[in-house]
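Undergrad: Sharing the feature lines straight out of TrEMBL:
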| type | residues | note |
| --- | --- | --- |
| BINDING | G106, A107, F139, D224, E225, V226, Q227, T282 | pyridoxal 5'-phosphate binding site |
| BINDING | R142, S281 | N(2)-acetyl-L-ornithine binding site |
| MOD_RES | K253 | N6-(pyridoxal phosphate)lysine |
Amino acid sequence: MMTNQEQVEQGRHYVMNTYGRLPIALVRGLGARVWDGDGKEYLDFLSGLAVNSVGHCHPKVVKAIQEQAAKLLHVSNLYWIEPQNKLAQMLVENSFADKVFFCNSGAEANEGAIKLARKYAKKRWGEEKYEIITMEHSFHGRTLAALTATGQPKYQEGFAPLPAGFRYAPFGDLEALQKVMGPQTCAIMIEPVQGEGGVNVAERSYWEGLAQLVKEKDVLLIVDEVQSGMGRTGKLFAYENYGLKPHIMTLAKALGGGTPIGALLASDEVADAFSPGDHASTFGGNPLVTAAALAVMEVLLQDGLVKHCQTMGAYFQEELKKLATRHSMIVEVRGLGLMLACQLNREGASIVSSCLQKGLIINCTAGNVLRFLPPLTIQSQDIDQAITILDEVLTEAGKG
């Protein structure tokens, strides 16, 4: 096997430079831990950016993948697919939705949501209603329409001209949202918890007002749960925390347990706007990934992981708040469930690098926000270990 450094150099030579990668190559994972090419162990509090929510190589997910791989890897969506049908049924039975479309990623799911919203709006209201309002500091993906929906200009630089028909409102500000809405508005697209934008959480009163506004203005509500869904916030879907009933929802990341899958869920009324040929995906919902996702769903629902997430999330957040009392560079602790963050009064990249050196994988987003996305299987002793490392790193950083 190649050493860690050899793998890093190989990647730098042959792989396109689109990621700000840290200098390790991870080769093995189990539960909440991963190992690099030199055998060094790390506590993973990023979970592949909220993907490995049931932990690395969960035995039920591995078994499902192995059995399906030996049976049928791929078949076209021109035919019915058994595990896809079962997964769609399980998602529908546990959500607001009536129908599901499968794709390969969160960006694809959001592209599909945009298309579906506009197709429905055209059929119901006519050509004049096509605008979709998204939030400042949102993130919906890096494909062109999803990138335009993303309310962060820094990600859009260099890719003009962008698709028309998007407007932006401050997250958590209902009055500002009302002012942005107009006769052309067909939908509001929003993350229940903003992930890439800094793990931002809005007050419950905002969500109550948003639900009323959607009803009064007769527009669609699209919830992007690519990062916040699948138990991450202590509910199977984050919209449940606020009593919302969306028309459209997008999922990805944790749904596949490490396999590439996205899902677009909708009510019957909205889903019926699509006809055969309106939207498609060659690999979307193939037997292998839907078998894996079925196993993930079963683990979440049958093993009590969503409730466990509530318990561990409350414990972790309390420990982070205690940490903040000892380190003035932490200005705020926020989040929901096991989607948590510490906002710093300085840049966070150096903190992430120092944690990595000590065997803890975390992430910095929005420049100065430390983001924590541990697997939902995490235990209190793992959290204690992470807090100890963070305490050491912040202490050392405070001396610099």
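Using the three backbone atoms N, Cα and C, a Cβ is placed for every residue, glycine included.
No curator has checked TrEMBL annotations; they are predicted automatically.
Could you place these features in context, so I can see how deep they sit and what lies close by?
TA: Counting every protein chain shown, 27 other Cβ atoms lie within 10 Å of the Cβ of F139 (pyridoxal 5'-phosphate binding site).
According to its DSSP assignment, S281 (N(2)-acetyl-L-ornithine binding site) is coil. The Cβ of S281 (N(2)-acetyl-L-ornithine binding site) lies under 8 Å from the Cβ of N77, F101, F102, C103, N104, E108, each on the same chain and at least six residues away in sequence.
Within 10 Å of the Cβ of K253 (N6-(pyridoxal phosphate)lysine) there are 28 other Cβ atoms, across all protein chains.
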Undergrad: Using the alpha carbons only, what distance in Å do you get between V226 (pyridoxal 5'-phosphate binding site) and K253 (N6-(pyridoxal phosphate)lysine) once rounded?
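TA: About 6 Å separates the two Cα atoms.
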Undergrad: I need the CA-to-CA distance for R142 (N(2)-acetyl-L-ornithine binding site) versus E225 (pyridoxal 5'-phosphate binding site), whole Å please.
TA: 16
Undergrad: Tell me the Cα distance separating K253 (N6-(pyridoxal phosphate)lysine) from G106 (pyridoxal 5'-phosphate binding site), rounded to the nearest angstrom.
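TA: Each residue's Cα considered, G106 (pyridoxal 5'-phosphate binding site) and K253 (N6-(pyridoxal phosphate)lysine) end up 7 Å apart.
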Undergrad: I'd like the number of other C-beta atoms within 10 A of the C-beta of V226 (pyridoxal 5'-phosphate binding site), please.
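TA: There are 30 of them.
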